[in-house]
Amino acid sequence: MTQRRLSLFGATGSVGQSTLDLVRRDGETWRVTVLTANSDVAELAKLAMEFRPDVAVIADAARLSDLQAALTDTGIDVAAGADALVEAAQRPTDLVMAAIVGTAGLAPTMAALAAGYDVALANKEALVSAGELMTAVARTSGATILPVDSEHNAIFQCLAGGRIDQVRRIILTASGGPFRTMSAADMARVTPAQAVAHPNWSMGAKISVDSATMMNKGLELIEAHHLFPVGLDRIEILVHPQSVIHSLVEYVDCSTLAQLGSPDMRIPIASALAWPDRMATPCAPLDLATIARLDFEAPDEVRFPATALCRAAIAAGGARPAQLNAANEVAVAAFLAGHISFPAIVDTVRRVIDAAEPAAPSSLQDIFSVDAASRAAAQHFVDQFEHA
Ligand code: NAD
Ligand code: MG
């Protein structure tokens, strides 16, 4: 295999580290050209020393001099701030891994797609808030979006078995999160530590809380709608607590294809990195005899109202998904900081949606405006909850 350049956005995160674990094992194939992080200079510098990218970018502009000091005389370019992320995304590459969390990843991801680079997309919030723009830009430039989210990666793989116009249903599986069987009354008292302790997956804090509220599955419904345009009413959610079947595609002939694997993000990451080829991973092969049984249940939208909120937001379209996503980011951060209760996360999102209906966006700038207004509104409700 010829050497391939990889630009990695969000190198210090859970997906970023899993990506580097695979790259490290397959150093012949990969040349890392870009590494970025939010504020952890020490970790970014350590990774830069190991992988020797052309440029290392720290998003927090106040940390530029620290990064410069850490990487003096290494020949590695150093940059900081949001514009530097966009510039780094425009550097020639063979694949961009978009693994920043939240809409902070939107601008660099759009820049990479506009430049025509294939993007392995983990950063679901970017697609949720700007799905139409993002898929349109990719269509125009010819860039391919390779889904990294395990469910979407599963669907992408299953879609190799037929044409998209022959799909009758997409079944998005959900673990149900750590509170799947908990009563609403008990959920009112859960702590951030309980919420981030996912039963099957080890992930960053924000997505772990989203899994606990099931907002993650709602965001994934929106993500699936943009990636696989089969019609919203053809995308269903199925709770499957073991996270072994990562999603299913049912075709018109009633043949249903599923993708299975151990709950290890390195499997979908490897699939995106190597596509359309395959690469070896050190992951545990599936041992179905030991797993012995797979369970399924319908989602409970009374205890977990987030998925219905998301379905309504994408059905309404326009700026609704961007508004919902931004409100959720603020509410999750407030919950993690101990400012609001667990049920107040989804309540905050609902209040923000009920309080204002933003005009349909026609540009990335419009999306950023909606995002900012929604964050301010969410902060207002968070403050009310906190002082209630
Ligand atoms: P994480 O919190 O572990 O890492 C996030 C990365 O983004 C870090 O490198 C951090 O430095 C960077 N970052 C954070 N805020 C930033 C900002 N304002 N500007 C620039 N960079 C910033 O998150 P994660 O779990 O790796 O998730 C990353 C993305 O992948 C998320 O969108 C998540 O939903 C998605 N995803 C993650 C998993 C998983 O298993 N972790 C699975 C599916 C999808
Ligand atoms: Mg997922």
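Glycine is no exception: its Cβ is also placed from the backbone N, Cα and C atoms.
Now, the feature entries from TrEMBL:
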BINDING   Thr12, Gly13, Ser14, Val15, Asn123, Glu125, Gly204  NADPH binding site
BINDING   Lys124, Ser150, Glu151, Ser175, His198, Ser211, Asn216, Lys217, Glu220  1-deoxy-D-xylulose 5-phosphate binding site
BINDING   Asp149, Glu151, Glu220  Mn(2+) binding site
DOMAIN    7-131  domain '1-deoxy-D-xylulose 5-phosphate reductoisomerase N-terminal'
DOMAIN    145-228  domain '1-deoxy-D-xylulose 5-phosphate reductoisomerase C-terminal'
DOMAIN    260-376  domain 'DXP reductoisomerase C-terminal'
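Feature annotations (TrEMBL) mapped to structure.
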| residue | record | DSSP class |
| --- | --- | --- |
| Thr12 | NADPH binding site | coil |
| Asn123 | NADPH binding site | coil |
| Asp149 | Mn(2+) binding site | coil |
| His198 | 1-deoxy-D-xylulose 5-phosphate binding site | coil |
| Gly204 | NADPH binding site | coil |
| Glu220 | 1-deoxy-D-xylulose 5-phosphate binding site | helix |
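Over all protein chains present, the Cβ of Gly13 (NADPH binding site) has 24 other Cβ atoms lying within 10 Å. The Cβ of Gly204 (NADPH binding site) lies under 8 Å from the Cβ of Gly13, Ser14, Val15, Val101, each on the same chain and at least six residues away in sequence.
With a CB cut-off of under 6 A applied against ligand 1, the binding-site residues Lys124, Glu151, His198 are reduced to Lys124. A gap of 17 Å separates the Cα atoms of Lys124 (1-deoxy-D-xylulose 5-phosphate binding site) and Thr12 (NADPH binding site). Glu125 (NADPH binding site) has none of the binding-site residues Asp149, Glu151, His198 nearby, counting only those with a Cα within 10 angstroms of its own Cα. The record gives Asp149, Glu151, Glu220 for Mn(2+). Within 8 Å of the mean position of their Cβ atoms, the other Cβ atoms in that chain belong to Lys124, Pro147, Ser150, His152, Asn153, Leu172, Asn216, Lys217, Glu223, Ala224, Ser247.
Across the residues the record lists as binding 1-deoxy-D-xylulose 5-phosphate (Lys124, Ser150, Glu151, Ser175, His198, Ser211, Asn216, Lys217, Glu220), the two Cα atoms farthest apart are 18 Å from each other.
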